[in-house]
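Participant: So that we are looking at the same thing, I have put the structure below in structure tokens.
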Amino acid sequence: MLLGSHVSMNGKKMLEGSAEEAHKFGESTFMIYTGAPQNTRRKPIEELNIEKGHEIMKAHGLSNIVVHAPYIINIANTVKPHVFELGVEFLQSEIERTQALGAQDIVLHPGSHVGEGTDAGIKKIIEGLNEVLTNDNNVRIALETMAGKGSEVGRNFEELARIIDGVNHNDRLSVCFDTCHTHDAGYNVKEDFDGVLNEFDKIIGVDRIKVVHVNDSKNDIGAHKDRHENIGFGYIGFDALNYVVHHDTFKDIPKILETPYVGEDKKNKKPPYKLEIEMLKQQKFDEDLKNKILQQ
């Protein structure tokens, strides 16, 4: 089972450190940002320590790296041309880094239309993706299902389908299915996940799903908030998320936890991933999990 989490990539070790952290958490896959998600400062490819990273991965049975594009990319912006242009250029360079890292998919938030309306946002995203997907490689852009917070585009399956249909090289587009976002967007992930998946299949096709983000939600269905919660401690609940993780449809697909670190002290929060992954492998909810995470 391909199950992992977001891990850090920084310092001199870069990918080597990411692979070590993923192994420490008992993971078989992992997701990284190539640098800080809120800025465009990036190390050159030759400083990402890729060879060492792959050696660690091979030694510990890790595979299927997933890359996440930074939040600052907004190719749905029709108001500020420089924001759109920066997004296109930076996404192109992130795809080069993704390919160098040996990853197949780079997850992208489709963007926000900043008040100009969904149609304008979708049109701009299509324009941007058509510019980006001319480079000759096999990296896919995995459009993420969004919660519908603010002016986010991709808040329902129909919006993602419109983007995919408008892109010329859409064989290079996949989908990252986020359980928290989809729940927050109003889909019944908790009680009828197969129904949600069937709807997705009719509108987009489940074969497009190449990454799953496994997150509980701090808010009730349809809240359009996007606030992740630890597995089993939110409104989706353990049973539903355990069902998603062990679903046949996602057997060969990386399932990535992006659940929050635990603890009141901001400087001393603990990563939940090792124990959450163990719990999902055992398929039994541990209501004392947060205390155990704090005691790590």
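Cβ atoms are placed via backbone N, Cα and C, with glycine included.
Here's the feature list from Swiss-Prot:
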- H68, H109, E144: Zn(2+) 1 binding site (BINDING)
- E144, D178, H213, E258: Zn(2+) 2 binding site (BINDING)
- H181, D226, H228: Zn(2+) 3 binding site (BINDING)
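Neighbours and distances for these, please.
Facilitator: Under DSSP, E144 (Zn(2+) 1 binding site) is assigned to a strand (E or B) in the three-state scheme. Within 10 Å of the C-beta of E144 (Zn(2+) 1 binding site) there are 22 other C-beta atoms, taking all protein chains into account.
Every protein chain considered, the tally of other Cβ atoms within 10 Å of the Cβ of H213 (Zn(2+) 2 binding site) stands at 27.
Taking the Cβ of H228 (Zn(2+) 3 binding site) as centre and 10 Å as the limit, one finds 22 other Cβ atoms among all the protein chains shown.
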Participant: In sequence order, what residues of the same chain, 6+ apart, have a Cβ less than 8 Å from the Cβ of H68 (Zn(2+) 1 binding site)?
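Facilitator: Counting only residues 6 or more apart in sequence, the Cβ neighbours of H68 (Zn(2+) 1 binding site) under 8 Å are H6, M31, I32, Y33, P37, I106, V107.
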Participant: I need the most crowded of these binding-site residues: H109, H181. Count other C-beta atoms within 10 angstroms of each C-beta and give me the top one.
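Facilitator: By the 10 Å Cβ neighbour count, H181 comes out on top.
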Participant: Tell me the Cβ contacts of D226 (Zn(2+) 3 binding site) under 8 Å, same chain only and six or more apart in sequence, or just say none.
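Facilitator: Same-chain residues close to D226 (Zn(2+) 3 binding site) (Cβ under 8 Å, separated by 6 or more) are M146, A147, K149, C180, H181, D184.
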